[in-house]
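Feature annotations, reproduced from Swiss-Prot:
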BINDING   ASN9, GLU387  Mg(2+) binding site
BINDING   LYS16, HIS207, LEU208, GLY209, ASN210, GLY211, ASP281, PHE282, ARG283, GLY333, VAL334, GLY335, GLU336, ASN337  ATP binding site
BINDING   ARG90  substrate binding site
ACT_SITE  ASP147  active site, proton donor/acceptor
SITE      HIS179  site 'Transition state stabilizer'
SITE      ARG240  site 'Transition state stabilizer'
Amino acid sequence: MTRTVLVLNSGSSSLKFQLLEPDSGASLADGIVERIGEDSSSASLVCGEREVTHSERVPDHEAALRTAYGLFDEAGAELGSVGLVAVGHRVVHGGPDLYQPTLIDDALVDTLESLAPLAPLHNPPAVLGIRGARKAFPDLPHVAVFDTAYFHDLPVAAATYAIDRDLSEQWHIRRYGFHGTSHQYVSEQAALFLDVPLSSLSQIVLHLGNGASASAILGGRPIDTSMGLTPMEGLVMGTRSGDVDPGVLVYLWRTAGMSVDEIETMLNKRSGVRGLGGEIDFRVLHQRIESGDESDRENAQLAYDVYIHRLRKYIGAYLALLGSTDVIVFTAGVGENDAAVRRDALSGMGRLGIELDEHLNESPSHTARRISAETSPTTVLVIPTNEELAIARACVEVI
């Protein structure tokens, strides 16, 4: 029987799940439970030609898992009869010691719980998903795959913050980096697409989704990345601020009377594109820029301009770090689907060897494609990410 792996990605109010054949790369089923804990919860699963949906309240992540399993049964893909060999779990933060794909036991779950302060939006729901899945599949191996793994061996100068060294060492403060599974996957896919050795390429990878990060990759090894100790640093994101002067936080604490928890919530949930423009969906943002009332238009335009400004700064910095860049890769929801973001991120960079083909950039596609001009010294690609497949393949290597 063909081997399959169930991959779970637990968010604060959602559970994404996918059933894959790691050997062939085929996705057998793909689903999501959204708005967990709210009255308007919804769940859907696409399995082959069949789509199953539910709209019933899902109070917690354990209930979300039961809902997911029910969707599989309803779609005729009972998990007990599809050759399931492992359950893979995306875990955002593994701290200083956890970075290789790791078999999950009770001690590991306790460790992941202790790391919640490093990824308060991501690690707690991941632990809930792990606990629920281990109850549902007690006889299967469960594997944690860490977002931070790919960046574990960053150059010391890139990983080190210029703060008191004793404090850094005592509290394991360093640049960990995130979206590593995605950055590694698409950089490898870029080499395959171009039919050249990965070791020969210098790349800038731009993972632009609700969370967003950039990386500079030389010869298949990352030499810098935009996210840091936590997933808050770097690019402007859907609800996260990205880079911000630490003095702003001290000022808000001292002068505005905000607590540490309030500041953290503001940075994580009420900043970024939402904080400036009141919206995280770039499709809506573009609509407001084009046809909103004056206030909506100004706010949306400011959010977009700040987003692009920060993105261009990182591209420029990574061009300088790499010296020259063979490939720039856009991936994730915004990176794969928003032609305007890609255009504006790279506009005016012809002297740096980066030229887009306007027609190719505007042409939608769900497969890897080149969008740079034939005359462009730097190749620009759009490559769909597939973190779930990468996680599934990591699982079978461990078990």
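Cβ atoms here come from the backbone N, Cα and C positions, even for glycine.
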Sequence-ordered list of residues in the chain of ARG240 (site 'Transition state stabilizer') that lie 6 or more positions away and have a Cβ within less than 8 Å of its Cβ, or none, is GLY211, PRO231, MET232, LEU267, ASN268, SER271, GLY272
LEU208 (ATP binding site) has its Cβ surrounded, within 10 angstroms, by a count of other Cβ atoms equal to 26
DSSP, reduced to three states, assigns ASP281 (ATP binding site) to coil
Row the residue listed as 'active site, proton donor/acceptor', column other C-beta within 10 angstroms, all chains, value 27
For GLU336 (ATP binding site), the nonlocal same-chain Cβ neighbours (under 8 Å, six or more residues apart) come out as PHE330, VAL382, ILE383, PRO384, THR385
In this structure, the one of the binding-site residues ASP281, GLU387 whose CB has the fewest other CB atoms within 10 Å is ASP281
The most crowded of the binding-site residues ARG90, ARG283, judged by neighbouring Cβ atoms within 10 Å of its own Cβ, is ARG90
In three-state DSSP terms, LEU208 (ATP binding site) is classed as strand
For the residue listed as 'active site, proton donor/acceptor' and GLU387 (Mg(2+) binding site), the CA-to-CA distance in whole Å is 10
GLU387 (Mg(2+) binding site) sits from HIS179 (site 'Transition state stabilizer') (Cα to Cα, rounded, in Å) at a distance of 9
For the binding-site residues ASN9, ASN210, the largest set of other C-beta atoms within 10 Å encircles the C-beta of ASN9
LYS16 (ATP binding site) to ASN9 (Mg(2+) binding site), Cα to Cα, whole Å, comes out at 5
Closest by Cα to GLU387 (Mg(2+) binding site), out of the binding-site residues ARG90, ASN210, ASP281, ARG283, VAL334, is ARG90
A 10 Å Cα radius around ASN9 (Mg(2+) binding site) captures, of the binding-site residues ARG90, LEU208, ASN210, ASP281, ARG283, VAL334, exactly ARG90
Smallest number of other CB atoms within 10 Å: among the recorded positions LYS16, HIS179, that is LYS16
